[in-house]
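Working notes, structure below.
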Amino acid sequence: MNILLIGYGAMNQKVARLAEDKGHEIVGVIDRTPKSSTPYSQYKHISECKEADVAIDFSNPELLFPLLEEQFNLPLVIATTGEKETLIQKLETLSQRTPVFFSANMSYGVHALTKILETAVPLLEDFDIELTEAHHNKKVDAPSGTLVKLYDVIKELRDNISPVYDRHEKTEKRTHDEIGIHAVRGGTIVGEHDILFAGTDETITISHRAQSKDIFANGAIGAAEKLIHKNPGFYTFNNL
């Protein structure tokens, strides 16, 4: 499988290493600032890389969004987070002519976490819910795309909920329709997500801990291996 990388930061450098270990080939890179140290051919547009079978994106909206406006039919695996509503809208339009896979978190374990959450929320309807995520000190967006995804799952299952991002100005007691959302940044934390269900005299916490960023790179490669055999459409872990 010939792979075009969109973005060449820490994550796509891991994708390159792991993909080559699996026998795939990196045939090009698109990055905001071309670098002489990049060991692959560098392009400005997706359509310029004729040899690619698929593109894997770990970048940001500033780089990705203009590329999505171009004319091409290359399958895309998208891991960019930020500006989610706009991103989904653009990807759904694009998916009418080419296969597109999107996940805010490329870990299959996080996908399993969402499935567990779909079962837990109805069972624990009287419990308050608080969401917490922790990442390294270089992550610029907060809350994480994964935490937003977890909140969206809860929103589909509980009526009239609202997110609360900061309680220091609140002077009234917590209501049941609030979902607390908390972000921690520090050190080299790869990624931690906790869902706290707090009831009367008992709590339940469901957690996911990423121990290496390799899980995200391998998840993207695995998605690409399947996506290149798919018809045009919008794919997630639920239907790939």
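Using N, Cα and C of the backbone, Cβ positions are placed for all residues, glycine too.
As given in Swiss-Prot:
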BINDING   Ala79, Thr80, Thr81, Ser103, Ala104, Asn105, Met106  NAD(+) binding site
ACT_SITE  His135  active site, proton donor/acceptor
BINDING   His136, Gly145, Thr146  (S)-2,3,4,5-tetrahydrodipicolinate binding site
ACT_SITE  Lys139  active site, proton donor
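Taking the Cα atom of each, Asn105 (NAD(+) binding site) and His136 ((S)-2,3,4,5-tetrahydrodipicolinate binding site) are about 15 angstrom apart.
Excluding the listed site residues His136, Gly145, Thr146, the same chain places Thr81, Ala104, Asn105, Glu133, His135, Lys139, Asp141, Ser144, Leu147, Gly191 with Cβ atoms within 8 Å of the centre of the (S)-2,3,4,5-tetrahydrodipicolinate site Cβ atoms.
Per-site Cβ counts within 10 Å over the recorded positions His135, His136, Lys139 peak at His135. In sequence order, Ile78, Phe102, Gly145, Thr146, Phe216 are the residues of the same chain, not among Ala79, Thr80, Thr81, Ser103, Ala104, Asn105, Met106, whose CB sits within 8 A of the CB centroid for the NAD(+) site.
Cα proximity to Thr80 (NAD(+) binding site) (within 10 Å) is found for the following binding-site residues from His136, Gly145, Thr146: Gly145. Counting every protein chain shown, the Cβ of Ala104 (NAD(+) binding site) has 21 other Cβ atoms within 10 Å. Each of the binding-site residues Thr81, Ser103, Asn105, Thr146 was scored by other CB atoms within 10 A of its CB, and the lowest score goes to Thr81. The recorded positions listed here (His135, His136, Lys139) include no residue with a Cα within 10 A of the Cα of Ala104 (NAD(+) binding site). Among the record's NAD(+) binders, Ala79, Thr80, Thr81, Ser103, Ala104, Asn105, Met106, no two C-alpha atoms are more than 11 Å apart, and one pair sits at exactly that spread. Just so you know, of the binding-site residues Ala79, Thr80, Met106, Gly145, the Cβ with the fewest other Cβ atoms around it within 10 Å is the one at Gly145.
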